[in-house]
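As given in Swiss-Prot:
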BINDING   Gln131, Asn132, Met133, Asp134, Val181, Asp201, Val202, Arg203, Gly231  NAD(+) binding site
Amino acid sequence: MKIVALKEKVKNETRTAITPEVAGLLIKKGYAVTVEKDIGLYAGFLDEEYVAVGTKISSVPLEIISDADIILKVQPSSVTDKYSELEFAKQGAIVVGLLSPYLNHEYIKAAAKKNLTTFAMEFVPRITKAQNMDALSSQSNLVGYRAVIEASYHYTKAFPMMITAAGTISACKTLVLGVGVAGLQAIATAKRLGSIVAGYDVRIATKEQVESLGAKFVSPELQEDLEEESGYASESSADYKAKQEKFLAKIIKGYNIVITTAQIPGKKAPMLVTDKMIESMMYGSVIVDISTSTGGNVEGSEPDKIVTRHGVTIIGLLNLASKIASDSSKLYSKNLYNFLTYALQDGQFNMDDELVRDMLITKDGKIVNYIIREKYESITDNG
């Protein structure tokens with residue numbers, strides 16, 4: 001069985017789906033691995049490292065893709081990409097990656113039409129046996145870290161309190177909105193840098209997690225618990241949204257750094273920080289909105305841009321994981337490896353396994369994942 005990966009085509013995507021370490025592990029299991037020349041260059045992996053573990057290197061993408069049984073990706077190709085699996089992969093080839101099926105309708109439909117079997121790493125279920133495959137968590141962890149680093153770079157003051165002969169510098173105050181994997185890592189990183197940190201979330205269970213990191217949990221009184229069985233947050237009621245907005249408007253002006261991480265799978269990110277709130281913040285404050293790919297949590301934030309409103313810097317950079325491409329590639333590639341070793345039995349994907357089926361998006365020319373199929377049907381029905 002031939003497993004391949006090409007260089008990522010998405011702008012500013014510097015991660016790679018196969019690291020030399022994982023290539024070596026796959027080869028030891030009997031798979032033939034081929035990657036495109038310089039595939040890991042921007043993540044700090046040289047071709048020599050791949051060759052050393054037995055990987056074949058090719059500078060001809062068409063040759064790689066047309067002969068592949070399994071294609072590993074970080075992000076999906078565009079339907080217009082040159083040498084895309086959508087055009088040149090053989091029918092029945094398997095594609096595994098962060099395919100963003102909620103957003104990339106054209107890709108998923110084209111993959112089904114091409115008769116590709118696709119697995120979305122976003123759909124790894126949040127269960128114990130799948131933890132080592134959980135790419136969303138591994139990447140979100142690094143995104144939370146990087147969000148704080150970006151904030152500290154654009155903030156014109158120090159994070160920790162410093163007492164010097166020339167005077168005392170006060171510690172900055174950081175507020176993290178949304179305490180999932182990214183939010184918890186943002187809290188931990190800001191604490192390590194010496195900031196005074198608070199966390200906010202609509203899920204009551206996160207209070208203990210925030211406090212375990214030495215941060216303060218802040219929330220409106222009579223908090224409505226919006227945690228679903230999946231562990232993700234659900235949408236709040238109109239009444240709670242109004243109460244939430246009033247509460248955040250009251251407290252946000254006391255913070256120098258705000259990190260927003262709130263997302264709802266398959267839906268637009270909730271708006272948390274209004275323009276009026278931004279106007280109330282201290283001049284020179286910094287907001288990092290890591291949810292701009294799904295609409296953003298901050299009014300006025302723009303995808304992949306840094307803007308200033310009312311003297312506040314708003315960072316809406318996409319794909320923060322690519323700013324630490326080496327480590328994010330190591331973790332993501334290992335997630336892929338763990339999924340493959342779990343799902344493959346005698347060279348075939350075990351479609352009888354519920355975990356494998358949950359991740360399956362297209363097969364035999366059809367969109368087989370009912371969540372995605374219903375999502376696309378609703379979009380079509382609504383014009």
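Using the three backbone atoms N, Cα and C, a Cβ is placed for every residue, glycine included.
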Chain-internal residues near Met133 (NAD(+) binding site), provided their CB is under 8 angstroms and they sit 6+ positions away
Met121, Val124, Asn335, Asn338, Phe339, Tyr342
Among Val181, Val202, the binding-site residues in question, whose Cβ has the most other Cβ atoms within 10 Å in this structure?
Val202
Run through the Cβ atoms and count how many others sit within 10 Å of the one on Gln131 (NAD(+) binding site).
13
Give the three-state DSSP assignment (helix, strand or coil) for Gln131 (NAD(+) binding site).
helix
